[in-house]
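The following feature annotations were taken from TrEMBL:
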- 91, 156, 184, 215, 362: UTP binding site (BINDING)
- 185: substrate binding site (BINDING)
């Protein structure tokens with residue numbers, strides 16, 4: 001069964017023009033799946049990390065920071081669509097603050113940092129076929145952003161989804177594209193090699209890459225971390241934050257007992273009997289922000305020495321071929337997470353950063369907070385907050401607010417003021433007027449089957 005399925009999948013990838021290294025990596029994970037590996041990391045095999053350095057305590061010699069930043073490239077993961085919010089285009093093209101998209105703000109951050117430190121600081125996107133055109137169009141509006149000899153983007157790879165019952169490539173006539181999937185963001189390393197981008201960056205003298213998700217506007221290229229990477233010859237650096245109860249399902253860093261290396265354990269890698277330990281934020285105290293720093297020469301050495309296969313832990317993702325149709329055939333997607341590469345680089349380190357460097361937008365709840373007066377955006381693209389303590393908790397009724405068009409309709413006059421809010425929970429069909437102010441802990445509810453309108457200038461308080 002497996003030999004036939006693997007051969008069919010390899011042929012399908014070749015016919016689609018996949019790079020040889022991408023096919024080799026897929027083959028590696030197919031064989032792991034066939035051998036019964038599920039990628040679980042057991043609590044008995046790990047222990048919590050000890051003390052970690054904090055960003056605020058790193059050396060800040062100006063010359064060292066500028067020199068390190070001069071050899072750094074910024075890579076943004078930009079393959080995601082806004083489908084969870086009902087948007088067909090790139091998620092990074094959504095207007096997020098003051099009418100600017102994620103990509104607009106990222107471009108401003110890059111150009112500002114270049115000017116401040118007098119460094120080249122290239123920006124490179126890892127796109128998908130569906131995000132490439134619109135994303136590059138947005139970036140084309142920023143003169144001087146592209147650097148001669150370096151691409152503004154490269155494409156992530158695609159692989160066949162596998163039918164769960166026999167591990168042959170899935171087909172789906174209603175939408176053939178749905179028979180394909182990206183191999184998780186661990187594909188970054190394969191795609192850097194396959195596209196020639198890794199070689200191009202190294203040939204131009206770039207030594208380190210700062211990698212983050214395009215939807216995390218807190219992930220700016222911090223010169224203190226760049227200097228720390230260079231001074232201590234860190235091959236792989238991961239930014240982590242202190243876990244709170246709300247982070248208990250996020251991947252955490254740990255130490256592997258067998259060799260003392262740092263590892264990342266994501267929720268998909270947790271055995272059922274270990275869930276209580278995984279979610280214990282007093283035991284495993286930090287989570288991965290997916291802000292990573294990598295020594296490009298060390299990456300090239302590892303890739304060359306392992307035939308392009310880093311050997312990241314497998315993630316077996318079980319879905320239906322059409323995610324929107326639960327009756328469609330059950331499939332397996334073979335994935336890896338880029339943060340798990342922390343275990344493949346000898347001497348990997350983690351550094352604690354503040355929450356200000358972790359502001360992902362996964363839902364319209366997050367979007368409302370970012371669009372509100374909780375955050376201010378300056379000309380350099382930096383987000384600052386005047387909100388005291390943790391940012392307010394927002395929970396909007398998904399029936400009426402999950403889709404961006406519905407969300408915008410109900411906040412047509414702009415977001416309410418949340419700078420004095422602790423919590424906003426909305427249930428039912430509620431529309432907000434202009435200059436609404438939320439203070440403290442507030443719940444708003446609409447009668448079933450009716451729309452409730454909050455009048456202009458209303459102050460909502462507990």
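Placed from the backbone N, Cα and C atoms, the Cβ positions cover glycine too.
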For residue 156 (UTP binding site) and the residue listed as 'substrate binding site', what Cα-Cα distance in Å is obtained after rounding to a whole number?
8
Between residue 91 (UTP binding site) and the residue listed as 'substrate binding site', what C-alpha distance do you get in Å?
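Residue 91 (UTP binding site) and the residue listed as 'substrate binding site' have their Cα atoms 16 Å apart.
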Using C-alpha atoms only, work out the spacing between residue 215 (UTP binding site) and residue 185 (substrate binding site) and round it to an integer in Å.
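Distance between the two Cα atoms comes out at 14 Å.
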Restricting to the same chain and to sequence separations of six or more, state which residues have a Cβ under 8 Å from that of residue 184 (UTP binding site).
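Correct list: 315, 317, 335, 336, 337, 338.
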Using all protein chains shown, find which of the binding-site residues 185, 362 scores highest when you count other CB atoms within 10 A of its CB.
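When each Cβ's neighbours within 10 Å are tallied, 185 tops the list.
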For a quick check of understanding: given the listed UTP-binding residues 91, 156, 184, 215, 362, what is the maximum Cα-Cα distance in angstrom, as an integer?
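The two farthest binding residues have Cα atoms 21 Å apart.
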According to DSSP, which kind of secondary structure is residue 91 (UTP binding site) found in, if we only use helix, strand and coil?
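Residue 91 (UTP binding site) sits in a helix per DSSP.
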Can you give me the Cα-Cα distance between residue 362 (UTP binding site) and residue 185 (substrate binding site) in Å, rounded to a whole number?
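Per the Cα atoms, residue 362 (UTP binding site) and residue 185 (substrate binding site) stand 16 Å apart.
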Residue 215 (UTP binding site) has how many other Cβ neighbours within 10 Å of its own Cβ?
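By my count, 22.
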By the DSSP assignment reduced to helix, strand and coil, which category contains residue 215 (UTP binding site)?
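For residue 215 (UTP binding site) - judged by DSSP and reduced to three states - the answer is coil.
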